[in-house]
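Chemist: Once you've had a glance at the structure underneath, I'll fire off some questions.
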Amino acid sequence: MEPLRVLELYSGIGGMHHALRESRVPAHVVAAIDVSTVANEVYKHNFPHTHLLAKTIEGISLEEFDKLSFNMILMSPPCQPFTRIGLQGDMSDRRTNSFLYILDILPRLQKLPKYILLENVKGFEVSSTRGLLIQTMEACGFQYQEFLLSPSSLGIPNSRLRYFLIAKLQSEPLCFQAPGQILMEFPNSGTVQPQEYAVVEEGKLRVRTREPDVCLDSSSTQCSGQDSILFKHETAADIDRKRQQDSDLSVQMLKGFLEDGDTAQYLLPAKSLLRYALLLDIVKPTSRRSMCFTKGYGSYIEGTGSVLQTAEDVQIENIYKSLPDLPPEEKIAKLSMLKLRYFTPKEIANLLGFPPEFGFPEKTTVKQRYRLLGNSLNVHVVSKLLTVLCE
């Protein structure tokens with residue numbers, strides 16, 4: 001097969017390019033496009049020979065796109081208009097303009113690409129922009145399938161639920177195509193229960209999710225006390241859920257993704273321990289889970305990602321239950337016994353599936369690295385979807 005000519009839009013730090021390499025699909029990236037100077041420096045550091053265009057997508061004419069003669073598009077449009085914690089401006093958000101421009105010129109290309117892969121946040125699937133994307137796919141004659149997938153389904157101890165669309169220009173449906181449904185598992189990964197799909201009802205997309213079973217004791221007929229706070233801000237249900245995750249042997253332990261070197265600079269400062277102790281999501285090297293790492297990791301605490309307890313022999317419950325009656329200095333001393341630290345940028349890159357040789361230019365600051373990784377994607381998930389798409 002002739003190598004595919006790939007156009008990489010919103011190329012960032014090259015997650016799509018790394019996924020393409022990992023998939024072993026014969027391909028050549030004819031152009032990568034991004035406006036971020038910092039991201040482009042990282043991309044160039046890892047792919048020095050790729051044609052990188054540091055310009056807006058709207059600044060590229062239809063004729064210029066035609067000259068690139070690509071037959072695959074990989075893209076991860078800005079997610080901020082669709083995030084659950086954002087304003088959800090959707091089409092009215094100016095950051096959506098470049099993607100709307102792509103949807104406008106796609107049908108007007110001299111030659112349509114054969115393959116398309118798109119990644120975005122959960123929330124995109126219920127946006128008006130997604131509706132326009134689907135209309136465009138159908139008008140152009142693409143067969144497509146949508147997914148909501150997390151790296152944990154590949155045995156990676158990290159939650160990062162993301163929306164994906166893969167599309168192929170052909171008349172026959174994809175062999176795994178489920179019209180009007182969003183698959184919650186990879187094709188050919190076993191039987192998918194109907195409740196694990198998203199379904200369309202009365203023209204509206206609705207995602208069905210299974211309620212977590214928090215009653216681990218089969219002798220109990222009800223979850224009494226599941227909502228009461230035990231320690232930190234965690235209920236018995238929260239603790240049971242985390243224990244279930246940590247006992248899932250299909251998922252790797254975090255220790256396989258950690259660095260061996262000196263990580264003292266990543267220890268949480270005393271003021272963060274004192275102020276945010278009850279908000280921290282704490283994991284150990286033996287844990288089989290971690291929260292999604294966002295671009296605010298390292299700068300903000302709540303909801304930006306897990307922190308690592310490196311003093312594994314210290315019982316976290318005992319520490320937290322002793323805190324309420326202590327003065328601030330003693331609280332800090334107690335919490336310091338856990339030796340909590342941030343995951344390093346390299347460790348987050350490992351969890352995101354970037355290869356060992358992936359790196360940053362020396363001048364890229366730690367804060368910038370966290371931000372870039374938080375805006376990136378999981379390489380392994382995209383790689384598997386590319387393999388499925390090009391089979």
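Sequential numbering from 1, following the chain as shown.
Just so it is clear, glycine is given a Cβ too, placed from its N, Cα and C backbone atoms.
Not my notes, these are from Swiss-Prot:
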- 4-391: domain 'SAM-dependent MTase C5-type' (DOMAIN)
- ILE13, GLY14, GLY15, ASP34, ILE57, GLU58, SER76, SER376: S-adenosyl-L-methionine binding site (BINDING)
- CYS79: active site (ACT_SITE)
Chemist: Among ASP34, GLU58, all listed as binding-site residues, which has the most CB atoms within 10 Å of its CB?
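Modeler: Of ASP34, GLU58, the one with the most crowded Cβ is ASP34.
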Chemist: Excluding near sequence neighbours, so keeping only residues 6 or more apart in the same chain, what lies with its CB under 8 A of GLY14 (S-adenosyl-L-methionine binding site)?
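Modeler: When sequence neighbours closer than 6 are ignored, GLY14 (S-adenosyl-L-methionine binding site) has ALA32, VAL42, TYR43, ASN46, PHE47 within Cβ distance under 8 Å.
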Chemist: Looking only at ILE13, GLY14, GLY15, ASP34, ILE57, GLU58, SER76, SER376, the residues listed as binding S-adenosyl-L-methionine, what is the longest Cα to Cα distance in Å?
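Modeler: Comparing all Cα pairs, the maximum is 22 Å.
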Chemist: Within a 10 Å radius around the Cβ, which one of these binding-site residues has the most neighbouring Cβ atoms: ILE13, ILE57?
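Modeler: Of ILE13, ILE57, the one with the most crowded Cβ is ILE13.
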Chemist: Counting only residues 6+ away in sequence within the same chain, which have a CB under 8 Å from the CB of SER76 (S-adenosyl-L-methionine binding site)?
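Modeler: Residues satisfying the criterion: LEU9, TYR10, GLY12, GLY15, MET16, LEU118, GLU119, ASN120, LEU377.
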